[in-house]
Every structure is written in structure tokens, then in C-alpha cells.
């Protein structure tokens, strides 16, 4: 039994938006693993002052000097400068062509379209993408793009230098082919931005497709070990599936949305487990089981969460239910056997502790009783002696 909800499509390992190239990379989610220098451009010097062609003096010279002074006082053209986006010198942006002004900048949550050229730090071309579309701030693309595109003006062309941390990280990427810990140079042109569609008016088929796309992006984050980003993508997908609808929806379409919702909850629980957010993971499992009480994956993860919280008896009961639904599942067998052993050891330790406590209590009682008896005898002797 695989820990992630389902095998990722070959496109899941592409760290780009929907229009990106597809990948043949084998996903970690398909395995049986248990859910488990800056090149500054030269700036041209200001042009030398104009010389008086006549070589004369006096008024003409003064007029020439005034002309030159006026020319020198004109504001210079835009100087190419790097903007340190995060203040850590790891993500920089430089305007190559001005856009239509600050008011034309896109907002988080809008759908944007860009042209993108990606190169390695040595200038090697990685890929070129035209009309790449994604939702700004949803984690549909690498962080370098999410963080810099929202600082661009409409029609602007910019150069972005991104540390591996904001690109493909220490693992790199197979598609596009990017080595581990590789800095990237991104040439970006912002083409357009538009508001995201109204989910209530979105046809059911499009709503399902959008939710699946966000969930698959979450799978990519999970595969790369970016579990917090995975949770964010699954949360967005859940919001889509749980949104109300003002258009007609058939029972089949409703069932498809429900299936995507449960898969998102299962995958979210797996990510939350990786983050040691046990209460949140348990809540995700409970929500999944409310929709599908016999969902084996939800039962399995719920058992794991309960075990991690020390609730061995309840965890064993939950895993036994999962095993009853799928008796041949070796993963459940192994987890259940491990928990039964731990529970037995815990009960044995508790019994020893109780026995020790009881023995200590018995000795205390006996000592106290003996002391009382001896005290009584002594008192009797004293009284008899006085008499």
C-alpha cells in the first residue's frame, strides 16, 4: 500500500504550471515508501558635453554652456539595478524593459500569463515556455516566479537570479533538467493578468479538473519533500471541491468531486504526518472517513497518527478494521504487528509499575500497623507499671 493517495502522472514532477512540459520521472509517490555570481551589467558613462562647433567665445559660448547645462540636468534614463527581493541576496530582479506602471502589477490570486526562458548559472539553456499560465501565489510554479512576477508591471521584461532554494532546491529536477543546488537565471515577460474564475459559476467538470491540478501540484511538493507547500496546495484543492455551485451538477459529477476531496484529505494527512502535526493529520483522516467510512488509506493513516500519539489500543482497533477490508495488505500487517508488540510492552511496563506501587503501599501499611501495635503495647506496659 502506497502512502500517497495515487500514482502521480508523469507531468506531476514538472515544477511548472499546466502548460509546462511533461515528465517521465518516476515519482516517490509511486513507491512503497511509508508516508515517508551575479553578473553586473556595465553602465554606460554619461555622454561628453557638446563642444561649440564655431570655437567662438562670448554670447555663443554662454548659450552653448547653458545648453550643455540643460542637457546635463536632464534626468538620466532608467539605470539597470538589481532589486534584492527578500533582502538575503538570494533572489534578485532587474528590469530589462519597463512595463505600464505600478498600477498594472498583478495581485495574488490572479491568473497570469508569462513568457519564460530558463537558464543555468553558466548560461546553459534549460527550457523556453510561451504563454505559461498559473495562479499567482498558489505554488503552481517555483517560488522564484511566484515572488517576482507579482513585482512586475504589465508588459515588463525582467531578469531574475534565483538561488536554488527558490528554484529546484537540493534535489534538482529531471524535467526540466536542472542539477541539484543549481542557481537559475530566468528571463520573464508578463503578458496578462486576470481574476480567477468564480468557483460558484464554474462548470462541474472544470471545477473538478482545477481541483485535480492543484492536488497534483501538491503531490509534486510532497515528492520534493516540501511538505508545507504540499499542505497549501491540498488546502486550495479542498476549497475548490467544497465550494458551493450555482450551476446544475449531476450525481456522477458530485461523486467525482467527492473522490477528489477524499484524496486531498488523505494526501494532506500524509503531509501533516511528515510535519509532525498529529492533531491536524488526525482531523484530516476523520474528515476523509466521514465521507468514505471504509477508505483504507484514511484508516491506515489514522492508525498511524493514533499510535504516534500513544493511543495504541485505539490504533490497533483502527488498523484491524483496515486489515479486515484488505486482508492481503502487507503494509497494514507490518504496522499492526509492530503496534501489538508495542502495546504489549507498554501494558507489561504498566503492570510492573502498578505491582511495585502496590508492594510499596503494602509495606507502608504493614509498617504503620506494626508501629501502632507496638505503641499500644508500650502504653499498656506504662499503665501497668504505674498501677
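Glycine too: its Cβ is placed from the backbone N, Cα and C atoms.
Annotations in TrEMBL come from automatic prediction, not curation.
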TrEMBL annotation of transmembrane segment - which of the ranges 344-364, 365-385 it falls on: 365-385
Restricting to the same chain and to residues at least six past its boundaries, which positions have a Cβ under 8 Å from a Cβ of the repeat 'TPR' (296-329)? 1, 3, 5, 35, 262, 265-266, 269-270, 273, 278, 281-282, 285-286, 288-289, 335-336, 339-340, 342-343, 346
Using DSSP, how many residues of the domain 'PPIase FKBP-type' (109-194) fall into helix, strand and coil, respectively? 10 helix, 40 strand, 36 coil
